[in-house]
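Notes for the one structure printed next.
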Amino acid sequence: HQSLCSCLCPLRVVKFRRTGESSRSDEDGVSGEHEIQIEGVRTELEPVELEDGAPVPKEFANPTDDTFMVEDAVEAIGFGKFQWKLSIITGLAWASNYAMEMMILSILAPQLHCEWRLPSWQVALLTSVVFVGMMSSSTLWGNISDQYGRKTGLKISVLWTLYYGILSGFAPVYSWILVLRGLVGFGIGGVPQSVTLYAEFLPMKARAKCILLIEVFWAIGTVFEVLLAVLVMPTLGWRWLLILSALPLLLFAVLCFWLPESARYDVLSGNQEKAIATLKRIATENGAPMPLGKLITSRQEDRGKMRDLFTPHFRWTTLLLWFIWFSNAFSYYGLVLLTTEFFQAGDVCSISSRRKEVTAKCSLTCEYLTEEDYTDLLWTTLSEFPGVLVTLWIIDRIGRKKTMALSFLVFSFCSLLLFLCVGRNVLTVLLFIARAFISGGFQAAYVYTPEVYPTATRALGLGTCSGMARVGALITPFIAQVMLESSVYVTLVVYSGCCLLAAVASCFLPIETKGRGLQESSHKEWGQEMVGRGSHSPPGVTSSNSGSQE
């Protein structure tokens, strides 16, 4: 059929760069240009040019046995209606399952402190238990997503969070709500896998921008939660707030039926027909043609194994990323806690004297949140937008590694400036800048991590990094609150020093993922595919050319 078609109706040859190719190919003088035949376009073949301007020989302009990978198809189809829908659904998961459930901690703790007359350590434990749940489950959700599919892991985690989120509203005593909120945290640990699924459907040029813009949905979720609290808390109380906050998860659970499984995962798990059907669906929704040829299959049974994160190719990347994610959460949540302390004192230099003057008070003393408190929560959330915009502007210009390093350096510099006895206005500006850059750096890590790991371990890699971030979030209260009582300067040195080390770690990451496609499998297996394929492509797939001819 294809031979007859090529005689009667010549097809256009579309040239595009195989984005998955490593940068070494260009340095070695190997062209990154590959050809994919597009169905139904009648035009004469024209010679194309290589990167260095040399014309492509005629015998290569119309290959007789075209093959393509999922990466090639995603790039050829491009960004369209399908990705817009996926962006909204992923954003809904981020807003409802992550932002709202995290924001509610700031509202629930002081309310229960007063209503149930809880001592301070029990109030703090309400927040800590959520982070413990997230820390303990992040790696598990990553493993499930690599073994059984991204969609499967995401659906289970969302339904888990929905179930225990609603049950939290019926908790009769403190011990019950402590257990239930811990289980909610266990479910929230699977939310980062929405980024894994999202990234695997995005073309290279749009990937960084789209993942960064997920931060917008975080802001929307937190603002919505605060507004919901303003309306619900005075009349219906915290129980209804917990129940109503979980309901948006029900909407996402319904929309999950529309979500397709990742075509990259289907190829790696051997479901070639399902992967082709998914790619055809995307092409149809985007109004773009499908590449002709055979989809390369790359079945890999051994997926989602922790040892794969510590192969010689990824060992240093994994260790450095763990420290970077730890530093991000440690610094971000530490700054949130320090902001309240600094504002209450008026300036940094007043904290030590204020600590000495404060008389001992009962740990049961409590204050309900006021309208002014809710307003401050809103402003704190909105302050992150500038950081996202700056990161959005620089991440594709200077690269992922330098973006993370710059974010850490700016945060560290602002922390050191707090050593000066600045006034309230300057203090606000410094905290605003520090918060903007550390949040932008956090998002840059969310861009880099799915890009650097291959499909076989991508979800696990992101999950373990997310788990290390929760370790940082657990430790930071002891620095931002306990250590601050002893010395504000030592506290600032700890945060500044941690971020300086994280900036160095970012620079020492072995791989820069800017301009590089998502890898399919481990580096050592790529040579096996090249034997069967005979073309230059990125390391990462053990494959055969068996597949349906489109």
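In case you wondered, yes, glycine gets a Cβ from its N, Cα and C as well.
Note: TrEMBL annotation is automatic and uncurated.
Here is what TrEMBL records for this protein:
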COMPBIAS  540-550  compositional bias 'Polar residues'
DOMAIN    87-514  domain 'Major facilitator superfamily (MFS) profile'
REGION    520-550  region 'Disordered'
TRANSMEM  86-109  transmembrane segment
TRANSMEM  121-144  transmembrane segment
TRANSMEM  156-177  transmembrane segment
TRANSMEM  211-232  transmembrane segment
TRANSMEM  238-259  transmembrane segment
TRANSMEM  313-333  transmembrane segment
TRANSMEM  403-420  transmembrane segment
TRANSMEM  426-448  transmembrane segment
TRANSMEM  460-480  transmembrane segment
TRANSMEM  492-511  transmembrane segment
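Spatially, the transmembrane segment (403-420) is not adjacent to the transmembrane segment (460-480); fewer than three Cβ-Cβ distances between them are under 8 Å for residues at least 6 apart in sequence. Packing against the transmembrane segment (460-480) from elsewhere in the chain are residues 124, 128, 131-132, 134-136, 138-143, 145-146, 189, 192-193, 195-196, 304-306, 308-309, 314, 318, 321-323, 325-331, 333-335, 337-338, 341, 445, 449-450, 452-453, 491, 494-495: each is 6 or more residues past its ends and has a CB under 8 Å from a CB in it. Here the transmembrane segment (492-511) has Cβ contacts under 8 Å with residues 316-317, 320-321, 323-324, 327-328, 330-331, 334-335, 338, 348, 401-402, 404-406, 408-409, 411-412, 415-416, 418-419, 438, 448, 452, 479, 483 of the same chain, all six or more residues outside its ends. In this chain, the transmembrane segment (121-144) lies out of contact with the transmembrane segment (426-448); the count of Cβ pairs under 8 Å, excluding pairs fewer than 6 apart in sequence, is fewer than 3.
Comparing 156-177, 211-232, 313-333 for CB pairs under 8 angstroms to the transmembrane segment (121-144), the maximum falls on 156-177. With a threshold of 8 Å between CB atoms, the same-chain residues lying at least 6 positions outside the transmembrane segment (313-333) that come near it are 404, 408, 411, 435, 438-439, 441-442, 445, 448-449, 452-453, 457, 461, 464-466, 468-473, 475-477, 479-480, 495, 498-499, 501-502, 505-506, 508-511, 522-524.
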